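Here the structure comes first, spelled out in structure tokens, and everything after it is commentary.
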Amino acid sequence: MKILVAMSGGVDSTVTAYKLKNLGHEVIGCYMKLHGKPNYHEENIKKVEKVANFLQIPYHILDLQEDFKNKVYMPFVDTYKEGKTPNPCALCNRFIKLGKLLEFAKSLGCEKLATGHYARLENNLIKTAVDESKDQSYFLASADKEALKYLIFPLGEMKKEDVKKFASTIEVLKSFATQKESSEICFVEDTYVQVLDQFMDTKIPGEVLDSSGKVVGKHEGYMHYTIGKRRGFEVRGAHEPHFVLKINPKQNQIIVGTKEELKISEFNLKNINLFIDAKELDCEVKIRYRSKSTPCKVEIYEDKSAKIILKDPVYGLASGQMAVFYDHDKVIASGFIE
């Protein structure tokens, strides 16, 4: 089978390419340039070239910087401007890795696209990985349903520690087993505010309000805060911890309250992405990557919006984040929180 492998220069994509080549497939590597960091790309391309030469496979360098800027980077900036919390990895998977890269794979005549994600596929549905601590099914839930039939996740049945051990047994790949893992958001080196600083003044002080609308303190600029944050702002006369409940970007205000006020029992979604045919769901939902799943009921409307009613309340629901719905270990839907 002819397979394009997304190669980043990391241990996961390296072992992915190795495994598929060893199974006798015709493997082609591809490194994606997503943002303008020449030194970063130069270092990673050297690693990809080293692996490609060792495996005796061809590889391509695909410049997707413009697509990445339009579909991922600027929406990241704009979402924070709106006082919401973006999910750039979900957008990148949908439009870039499982979008533009898949188009490129097809243009080469490849039957499949393989990535080093920790996830599995079964009956055209994404499943959680064997290694729960590294499971990436949440971020892959933004994928177009039609893309799934072309995907392979060779590491889905492996533990991360075993992937590293495997690489360490092969002389040429030993260095990949010990290298530092990439950061969660590839274009954020330290904090997301440093990215926003390139486009706007993030340090404009504003008012802190309580849930009744009373001014109770000051903050250092609304973009420094996300829903649920409890530090970095002043609340005069507070006798218990206060958390960000809401952000009002137009007035440069943040609304704060107690943990009890942060509690949510239902919420709305826009643009629900369904992997099964259904008008309502009885399932579990994750409201962010590292959160535990919560039982819920989902009512789906004609305009692809949805209402989610939770069995147990959750804390810190952030507009702009992705909610992912599971039937046991299978992803059945996703959507962005309004």
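Glycine is treated like the rest: Cβ placed from N, Cα and C.
A quick note: this is a predicted structure, and the numbers were derived from the prediction, not measured.
Sequence annotations record features per position, and here Swiss-Prot assigns active site, nucleophile to Cys92. For Cys92 (active site, nucleophile), the Cβ neighbour count at a 10 Å cut-off comes to 26, with all displayed protein chains included. Cys92 (active site, nucleophile) falls within a helix when secondary structure is assigned with DSSP.
Summarising the annotation, Swiss-Prot assigns active site, cysteine persulfide intermediate to Cys186. Taking a C-beta cut-off of under 8 angstroms and a sequence separation of 6 or more, Cys186 (active site, cysteine persulfide intermediate) has the following same-chain neighbours: Leu34, His35.
Annotation note: Gly10 (ATP binding site) sits in a coil segment as assigned by DSSP. The ATP binding site annotation in Swiss-Prot covers Ala6, Met7, Ser8, Gly9, Gly10, Val11, Asp12, Ser13, Met32, Gly116.
Swiss-Prot lists Cys92-Cys186 with the feature disulfide bond, giving sequence analysis as the kind of evidence.
Same-chain residues at least 6 positions away in sequence with a Cβ under 8 Å from that of His117 (site 'Interaction with tRNA') are, in sequence order, Asp12, Gln136, Phe139, Leu140, Phe153, Leu155, Gly156. As annotated by Swiss-Prot, site 'Interaction with tRNA' applies to His117 (among others).
According to Swiss-Prot, the feature site 'Interaction with tRNA' maps to Gln321 (among others). Counting every protein chain shown, 23 other Cβ atoms lie within 10 Å of the Cβ of Gln321 (site 'Interaction with tRNA').
The Cβ neighbour count for Ala6 (ATP binding site), using a 10 Å radius over every protein chain in view, is 25. The Cβ of Gly10 (ATP binding site) has Gly116, Phe176, Gln179, Glu181, Ser182 as same-chain neighbours under 8 Å, each 6 or more residues away in sequence. Cys92 (active site, nucleophile) sits 12 Å from Met32 (ATP binding site), counting Cα to Cα.
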